[in-house]
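Trainee: As listed in Swiss-Prot for this protein:
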type: BINDING; residues: 230-237, 503-510; note: ATP binding site
type: REGION; residues: 722-742; note: region 'Disordered'
type: COMPBIAS; residues: 723-734; note: compositional bias 'Polar residues'
Amino acid sequence: MNEVQLEVAKAYPNDSGRGIARLDPDTLLHLKLSPGDIIEIEGAETTAAKVWRADRQDWNTDTIRIDGFTRQNAEVGIGERVKIRKADAEKADTLVLAPPEEASVQFGSDAAGMVKRQILKRPVVARDIVPVMSSTNHPFMRSPGQAIPLIAVETEPEGVCLVTEDTDVELREEPISGFERTGGGITYEDIGGLENEIQRVREMVELPMKHPQIFQKLGIEPPQGVLLHGPPGTGKTLLAKAVANETSASFFSIAGPEIISKYYGESEQQLREIFEDAKDDSPSIIFIDELDSIAPKREDVTGEVERRVVAQLLTMMDGLEGRGQVIVIAATNRVDAVDPALRRPGRFDREIEIGVPDEIGREEILKIHTRGMPLSDDVNLSTLADDTHGFVGADIESLSKEAAMRALRRYLPEIDLDEEDIPPSLIDRMIVKREDFKGALSEVEPSAMREVLVELPKITWDDVGGLTEAKNNVKESVEWPLNQPEKFTRMGVEPPAGVLLYGPPGTGKTLMAKAVANETNANFISVRGPQLLSKWVGESEKAIRQTFRKARQVAPTVIFFDELDSLAPGRGQTGGNNVSERVVNQLLTELDGLEEMEEVMVIAATNRPDIIDPALIRSGRFDRLVQVGQPGIEGREQILKIHTQDTPLAADVSLRELAERADGYVGSDLANIAREAAIEALRDDEDADDVGMAHFRAAMENVRPTITDDLMEYYDQVEDQFKGSQGPNVNSRQGSEHIGFQ
């Protein structure tokens, strides 16, 4: 009989729990198989699966892609080899399923029918784990989209059986013992976007357990500890659970605070016991969650207990006694708070950062969380992945749940909540649409942004009147690098790092920053200068560091510094205080330091460019300096149009004429004129329903223009100095007394 040996690889996210094996076309030809046929997979045990064709990237690779449950049934791991041959499957007359010991499952009234519908046409061998997806309308609830492992206790006839419409499916309530291998049901297929991290953890954890001889040959000790660190919600604990399931090693879990006891010496005793149990049961894995809570830096803690626990952990992990085949995996989101003695080779040899997923990772995670969901055709997961910058796995899970809840709300009016059973016709009609995800997106924000999240202003470029040159400048500097980075790559240049908008008050600098934030779809962090300054030494700099760290984490991001002059005045001048000097230093290192500012754009606005520290205004930091000056006649007319679009105007009103007369008025002045004119009209007649030209003229008498000749001269002078590429001349401040800056 034809058979081949293939290497086991991880299944595609959508195949998890479906009993599918993916083979390349050559193997299918060699074994005379066509898609939909049944094959036997022989590892340490024999199981069966249905064959499908693999994607193009897996052709000619000698691999078979099967999910975690099929791997557990065949008792093989990823990277091991299995024998494949065509199976003679008979129709199953009866199939008896029971939950494993540790699963708590209650079966509802129509549970057997539900399960049968899910496993129709699936091959089963006795003692197989048969995963059943729990969906939102399932009679036994786990979280939707998670597989519940049931065990095939007996099949009639024996051997490879196929579940058909005629099969009698029985469910037994009492759990079946002797099945250690069902685990918590979490496999590598349940983890999206961490391909490299999984690979690194596996070579550290699985290799020493399965093939210790490799390390003996190389004459080295296998690694003993892995520290997973990264922002909350990225999947550190999930990865540890999957590793425990897939390696078939004994698994011991320590939740940080649980082992701390009030009695002297008891915390250390508990820790010693766990390590001793692990040694007796080796090969084994000890997982410590929230490591920073039980092993903080000893110089920072006041309590004696924590110090003793840290010392005990250090001796257990690398003491005089060998600790056998015991690997310690720990997770923390505050890696800098962990005692440095733990972070050396021999204790935690490897530190693996589990970061925020990129676009491809987010799409994988979305596929995992929506695989049990009836999606309508208009849901495009790759566009969704594109819209969820900065989301971690936990945020995406929350997004999927929120979308499903919104879909449910649509059907709620049709459901009679007093009835026990919901009609199957309604359940089959339930579907999650694109609008549900859109609505969910507005409610779920990335968890890393919670402290700094700004509601995105709904302001577009159309709301910014005039200023065409300044607008184009800002678009080139900010929108191109974020939306079309390939332009810069093609030309072989780096995009600008930061943009400084300067100009008289009221010209629309902040408005432009808001429009940019809205148009780029980037995350927007707004920093108001004075908010960052603190009376405690080091706090202001820390706030700036954290702002930039968050921005890098949830990139692409636009950081907007309003009133930069209050935050970064020139250093070394009389009257300057130490705080602002330290803040300037921190800003300089963040903007052009050793760390890359990938996909983070910085925009700042100021109306006093002359007092900003000159080191900030050089290329590589704020390298685009854009003057937002007074609008021309066309611009003023546009601004008036924007501000009077909701105002009923009389027939005699000519906005063009008003624009021609409004020389020296900036955007905020014109907005003021529009408002004053409406109030004038109401003064004349409380029941007035339109605003006439006379009202506008009266309003112009009351509103003074912001811009004077002296002021414009001052800004032109500043611009000339910028173009001469020296920082603004400090002496210009002596002349600024009569310009209106007191």
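Each residue's number is its place along the chain shown, starting with 1.
From the backbone N, Cα and C atoms, a Cβ is placed for every residue, glycine too.
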Trainee: Provide the number of Cβ atoms within 10 Å of the Cβ of Gly503 (ATP binding site), excluding the reference atom itself.
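Mentor: There are 25 of them.
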Trainee: If I restrict to non-local contacts, at least six residues apart, and a C-beta distance under 8 angstroms, what lies near Pro505 (ATP binding site) in its own chain?
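Mentor: Correct list: Asn607, Val666, Ser668, Thr706.
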Trainee: What does DSSP say about Thr234 (ATP binding site): helix, strand or coil?
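Mentor: Once the DSSP labels are grouped into three classes, Thr234 (ATP binding site) ends up as coil.
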Trainee: Just checking, which of Gly230, Pro232 (binding-site residues) has the fewest C-beta atoms within 10 Å of its C-beta?
Mentor: Pro232
Trainee: If I restrict to non-local contacts, at least six residues apart, and a C-beta distance under 8 angstroms, what lies near Lys236 (ATP binding site) in its own chain?
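Mentor: Counting only residues 6 or more apart in sequence, the Cβ neighbours of Lys236 (ATP binding site) under 8 Å are Leu228, His229, Gly230, Ala331, Thr332, Asn333, Ile354.
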Trainee: Just to confirm: which same-chain residues, 6+ apart in sequence, have a Cβ under 8 Å from the Cβ of Thr507 (ATP binding site)?
Mentor: Leu467, Val628, Gly629, Gln630, Pro631, Val666, Gly667, Ser668
Trainee: Within 10 angstroms of the C-beta of Lys509 (ATP binding site), what count of other C-beta atoms is obtained when all protein chains are considered?
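Mentor: For Lys509 (ATP binding site), the count of other Cβ atoms within 10 Å is 27.
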Trainee: What is the total of other Cβ atoms whose distance to the Cβ of Thr234 (ATP binding site) is within 10 Å?
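Mentor: Thr234 (ATP binding site) is surrounded by 28 other Cβ atoms within 10 Å.
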